[in-house]
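The structure appears right after this line, and notes come after that.
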């Protein structure tokens, strides 16, 4: 990342075309979309102008688009194969997938990440895909693929590890850990910079987002403890939602507030990174030793 737009102005390297970016006229469709993204994501007018004038369409925001497309393809493949488009976890063949996280397969470490490609049904996939595209793509356009992919995958990994600690018998599917990390980080950033945000109807939109996210968590809790159909084992846990939200509010808020500055120059970033690393280390040892020491009754893996 470059140093700072403020430093560039001070050094006379760049002139400000206008005081307010919204005064720009005669823009094409894409540049208007870039301006819309700037006002949606960034709280400072100087940051918005800096992003608008230095933005390039290459590389495009490919990470969130690729993740969403992969999730849709995987869901369609399993749906067509099982002829089941809702409550897929009730199908025994679905739970045999090598992508699903199951406590009986903890040694297969890739499952702690690949579960994000599997979904319970159309409603969960639709909710996650919509939020990933509406929030994740603009965030990736502004903050770059490295920061947003790290935040998303950190939420996904924290979700599965939290389930392995707090809900030791439950499997896990869905990308809600990463989705909630992005959403909670963005909402927290809006709240922390409320006066500077210029996105329209921000209060109404925040209320709607919180209602939708709360409803999704409530639905996940209902499926976990009051399954609508007889099942051969525990249904997927909801703890990934909460873990992703915590990652977003803590680590994600620092990432989104540091648009111009390098993260490695901030003490708070290293504290959060150390805390996350400590959690990962604790979770690894928990998965290696705690299940045997506590005598956890793990359902037989499919």
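Glycine is no exception: its Cβ is also placed from the backbone N, Cα and C atoms.
No curator has checked TrEMBL annotations; they are predicted automatically.
What TrEMBL lists as transmembrane segment is 62-81 (among others). A Cβ distance under 8 Å defines the sequence-distant neighbours of the transmembrane segment (62-81), meaning residues of its chain 6+ beyond its ends; these are 88, 93-94, 97, 99, 116-119, 122, 125, 128-129, 132-133, 136-137, 140, 145, 148-149, 152, 175, 178.
For 108-257, the entry in TrEMBL reads domain 'Peptidase S54 rhomboid'. Shown for the domain 'Peptidase S54 rhomboid' (108-257): DSSP residue counts in helix, strand and coil, namely 110 helix, 1 strand, 39 coil.
Annotated transmembrane segment per TrEMBL: 112-133 (among others), in sequence order. A Cβ distance under 8 Å defines the sequence-distant neighbours of the transmembrane segment (112-133), meaning residues of its chain 6+ beyond its ends; these are 64-65, 67-68, 70-72, 74-75, 78, 85-89, 94, 97-101, 153, 156-157, 160-161, 164, 172-179, 182-183, 212, 216, 219, 223, 236.
The annotation transmembrane segment is assigned in TrEMBL to 145-165 (among others). Below 8 angstroms of C-beta separation, residues 59, 61-64, 67, 101, 103, 106, 111-113, 115-116, 136, 139, 172, 175-182, 185, 237, 239-244, 246-248, 251-252, 255, 263, 276, 279-280, 283, 286-287, 290 of the same chain, each at least six residues beyond the ends of the transmembrane segment (145-165), sit close to that stretch.
Summarising the annotation, TrEMBL assigns active site, nucleophile to 176. Sequence-distant neighbours of residue 176 (active site, nucleophile): residues of the same chain at least 6 apart with a C-beta under 8 Å from its C-beta are 124, 128, 159, 216, 220, 240, 241, 244.
Annotated transmembrane segment per TrEMBL: 177-196 (among others), in sequence order.
Feature annotation from TrEMBL assigns transmembrane segment to 203-225 (among others).
The feature transmembrane segment is assigned by TrEMBL to 237-256 (among others). Only residues 6 or more beyond the boundaries of the transmembrane segment (237-256), in the same chain, are considered here, and those with a CB under 8 A from a CB of the stretch are 41, 139, 143, 147, 150-151, 154-156, 158-163, 166-167, 170-172, 174, 176-186, 188-189, 192, 213, 216-217, 220-221, 223-224, 263, 266, 268-269, 272-273, 275-276.
For residue 241 (active site), the count of additional Cβ atoms within 10 Å of its Cβ stands at 23 [all protein chains shown]. Residues annotated as active site in TrEMBL: 241.
The transmembrane segment annotation in TrEMBL covers 268-289 (among others).
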